[in-house]
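Novice: Right, I'll just put the structure down here and ask away after.
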Amino acid sequence: MNLNQIENVYFIGIGGIGMSALARYFKYIGKKVSGYDKTPSMLTSELIESGIDIHFEDNINLIPSNYYVENTLVIFTPAVPASHSEWHYFIERNYQIKKRAEVLGIITKDTFSFAVAGTHGKTTTSSILGHILHQSGADVTAFVGGIVENYNSNLIGTGKTVTVVEADEFDRSFLHLHPDIACVTSMDADHLDIYGTSDAIQASFIEFASKVEDKSKLFITKELPLEGVQCAINEDAVYKAYNVRIEDGNYVFDVQTPSEIMKDLRFGLPGKHNLMNGLMAIAMAKTYGTPTDAIAKAIASFNGIRRRFSYQIKSDKLVYIDDYAHHPTEINAVHQAVRELYPGRKVLAVFQPHLFSRTRDFADGFAESLSQFDEVFLMDIYPARELPMEGITSQWLLDKMTNPNRKIVAKEDLLAEIKASDAPIIVTIGAGDIGEMVPSIKKMLNENI
């Protein structure tokens, strides 16, 4: 497929975090871009402000009339239901229709491509790597699954010869990619609604890893059953972060590499999981040939990602953090970071489960990870692409938890319940529409400090 022959790009599901990055990219390179999404959001508002036409009704009459079959590419998300009328319109007329991952594969196949895979840490690692490469002057474009605070965008750079992409395991999407340098941050079970078993997920990651023929260009954590360059914190590895300390709320650490020791690197993202993500990005950038001083300067200036341990309020009296975590391992990482930064202080966690299937598959893990917090408010399950499942409810999950300070809180009661809590540390957690509530929670808390 030759993208140069495409004049128009139409997105079904344009408001998704990965889809919107592609929409920004095609808009930047001069294509006419428009699309459909089910609901308005902050992301769709930003796209509309950039000049992209978006509608929120499944209606073929709203498809631009000059989007002809010979000059239009249609990109869809797997979350689109089979009954979608616009989807059928394009299929029946033989339009070129591609998944997001297929298009990323087409864009990146003629570039020097970095791919970041893993059940957790993809967005943070790819964002740090994209930032390092961009700040060092590389001709890079990074497509990431979050809004990077330094750029207020999920697209970093406008380069033509180097790309950074998240290698998403959902729907085996990452098998469309052709990476020159890659990493795998983790291989925990997730997306069991797609894979069925954890063994099937592991097999898919192994197949992805096989795409990197030169194993000196594949970076892994020590516990993974893959052949590659090992990275670790305070353990023997090819790339080792050690002498880790906290100064003024930042990590300061050294990194041992095959060629040198990088001393006193500063990094502002809290939590050992983020330190590991940063180490992976450093290893990939170093292997690419990025100068040490450029890496050090860039990693110190990285401001994080929206909804990834994102500080909303940070004062002596009150701290409010928002995080996208939606898997027990990720919630454990949030808890570890909070306890490391605020030892001995009461922490309220507000969690909105994401997907009925994920809640079912990891219920015991969710119960254990959430019970670590001092107080827990559990919201209703956010369904996303799914229909309800019998017996899978937030009350069912709550009953599995051991923390006595826990309760179900309806969305309409959330502000009042948070206001009534005496916890000085508040964390909202989840991948659903809880993110849309963050501004109103922040406003209420600021008014009551």
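Backbone N, Cα and C atoms are what each Cβ position is placed from, and that goes for glycine too.
Okay, these came from Swiss-Prot:
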type	residues	note
BINDING	GLY118, THR119, HIS120, GLY121, LYS122, THR123, THR124	ATP binding site
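Structural setting of the listed features?
Specialist: Secondary structure at GLY121 (ATP binding site), taken from DSSP and collapsed to helix, strand or coil, is coil. Applying an 8 A CB threshold to same-chain residues 6+ apart, the list for GLY121 (ATP binding site) reads THR185, SER186, HIS273, MET276, ASN277, MET280.
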Novice: For each of the binding-site residues (HIS120, LYS122), count the other CB atoms lying within 10 A of its CB, then report the residue with the highest count.
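Specialist: Answer by Cβ density within 10 Å: LYS122.
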Novice: Hey, for the ATP site built from GLY118, THR119, HIS120, GLY121, LYS122, THR123, THR124, who else sits with CB inside 8 A of the CB center?
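Specialist: Going along the sequence, the neighbours come out as VAL116, THR125, THR185, SER186, ASN277.
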